[in-house]
Amino acid sequence: MALLRPPSRGDFGMVKGVVDPQDHPSAWLSPPTSATPGRQKTAPAAEPSNVAKGPAFLNPTPKAKLPPLPSQRIQVGVRVRPLPAFKSSHPARNPIRGRSPLAPIPPSSRRTSYSESASRTPSIASFSLAGIGEPCLNITPAQPDVTQICDPSGRRPKREFAFDAVFAEEDGTECVYDRMVKALVEKCLEGYNGCVLAYGQTASGKTFTMEGCKASALHPPPSDPENRGLMLRVAADIVDYIEKTTEAERESHSDDVTSFCVKATYLEIYQESLTDLLCEKDQQADLRIRIDPDSLTGRELYVQGLTEREVVNLNDYVRVAQIGARRRTVGETNMNDVSSRSHAVLTLTIEQIQRRRGGSAPADIGSRKRSKIHLVDLAGSERAKDTGATGTRLKEGGSINQSLLSLGNVISALSSSTSRPSHVSYRDSKLTYLLSDSLGGNALTVMIACVSPAQSCYEETMSTLRFAERAKKVKLRATVNIDLQSLRISTLEAEIAHLKSLLGDSMNGATKAKPQMRDAYTSTRLLPSAQDAETSPMECPKVKRSRWKKLTDTLNRTFRGNRGARYGKVGGV
Ligand SMILES: Nc1ncnc2c1ncn2[C@@H]1O[C@H](COP(=O)(O)OP(=O)(O)OP(=O)(O)O)[C@@H](O)[C@H]1O
């Protein structure tokens, strides 16, 4: 059992690799603004063009064209699941009636929510899917990221919703990943926190999107990558990135290397209580959400008592996903045979340290970055009359709806005004409290709103689309999480060591050649010729000694002052 909290200096188990300097994200980072001791103030991230020079091994020549910066609002994609296979003889009017009508979906009955014929005239009427029923949703190729919803009763007018992406039923999870999540993972590897949330009514395909086809998530190795959910796709990209950088290290003759350590935790929130999914039921610790005062923002949350697993290769991730899926609370309802009765949060924490090749001394350590990705499969909103829930299922449904209501309130508060609201009720539920950073805080967030096109789901689909529309307005304040203080401390330690050795030399009357050192922020030599003159043999030894003492005292004072704070903050969006 371990605590999910930032490790202290030197507490990093590593997979070694090297980062191509040209690709290194620190090219975007700005240097600290002052040498004031203590935690640096959280600063909005800078545009790449504003980036001042960092140390050579952190701040290589910037790329001619830098990648686009992530948007500072929640990115929202809508995924439309296929219409279900019906058991009723008259499914068109009421597709969700009877036992688990939404699963599985025979390939023959899958329809696109737009067809070639429908595409020319984007009207709901063009959607007659003979024998299957009529979807209440429409997407046209002319406006692929807009969805129209039509009230089957005809009481309300047709409405249009535009999102960052809309995925029709034939769009696989790969498509969802490539358009919505891949860039986020890249940003997380650069030091941003990230969050992917799957939201929607019960049986709308959230677990299918996050975990993938159960068969593939539960049978290692993931031999069928096509069926992978977003969780394993994120994992595959992280593994790939680390492997590639390791390979680049072998090939390059760079002096600087990056070490990685990725850890996973998996928890569920069931009826407002936290359960560690990577731990046996009888070994559960009392899990508590705590604030980490030593974190970058000084109020980052962590779950005390949660099991952390180091994950290196894809099989490690698959194992974690399997264990979590097996232990997660599921139940059977009329709408879904395997309905998730809890919110599941898989968190990957990525640590990266830059150091000089072969060096282990503090002076050899450069920047440290620590970012987190939350992958959240929410439980689905449900109506008791549709799910047929009674007893425990009914109680679970009530708790799920209650926490989703809190999530809705948080999103409403954050999206309602242009300036940040004075109070956001994050603490109304464990879910919103745990994800508070991802909801308008220091994280880049992507939401996949899953919907069903079935007419009988009109109300729920409409409410999901409205929720997603509000979520789109939520602003984020994501910044790169880099521990610059450690970099400064290392530099100062190196300076002190070097100056002490010079002092010793000068006291012995020896004048040895001084090794060239680089300053952490200017990449210039620490001892330029003007300082060399101070050690000139012409200078009186007494004056020389007092000047050196003054210099080392100043550095020691600065060094002690800097020890107080662990994380500095720079750059970003
Ligand atoms: N895009 C899709 N393509 C094919 N099948 C899908 C798709 N989306 C969902 N399904 C199928 O529909 C059924 C219900 O999906 P899933 O369990 O993912 O829903 P859910 O939103 O997680 O539901 P709950 O909130 O009740 O847990 C599953 O059998 C799943 O395989």
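One is the number of the first residue shown, and numbering goes on along the chain from there.
Glycine is treated like the rest: Cβ placed from N, Cα and C.
Automatic prediction, not curation, is the source of TrEMBL annotations.
Listed features, source TrEMBL:
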REGION    1-69  region 'Disordered'
DOMAIN    73-474  domain 'Kinesin motor'
REGION    85-119  region 'Disordered'
COMPBIAS  108-119  compositional bias 'Low complexity'
BINDING   G200, Q201, T202, A203, S204, G205, K206, T207  ATP binding site
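Per-residue confidence over the domain 'Kinesin motor' (73-474) averages 81 (mean pLDDT, predicted model). Of all Cβ atoms in the protein chains displayed, 25 besides its own lie within 10 Å of the Cβ of Q201 (ATP binding site). Annotation note: K206 (ATP binding site) sits in a helical segment as assigned by DSSP. Listed binding-site residues: Q201, A203, S204, G205, K206. Those with a CB atom under 6 Å from ligand 1: A203, S204, G205, K206. Apart from the site residues G200, Q201, T202, A203, S204, G205, K206, T207, the chain places the Cβ of R81, A198, F208, N336, G380, C450, S452 no farther than 8 Å from the centroid of the site's Cβ atoms, the recorded ATP location. The C-beta environment of K206 (ATP binding site), restricted to residues of the same chain at least 6 apart in sequence and closer than 8 Å, consists of A198, Y199, G200, S340, D377, L378, G380, I448, C450. With a cut-off of 8 Å between CB atoms and residues at least 6 apart in sequence, the same chain places A198, G229, V338, S340, D377 near T207 (ATP binding site), listed in sequence order.
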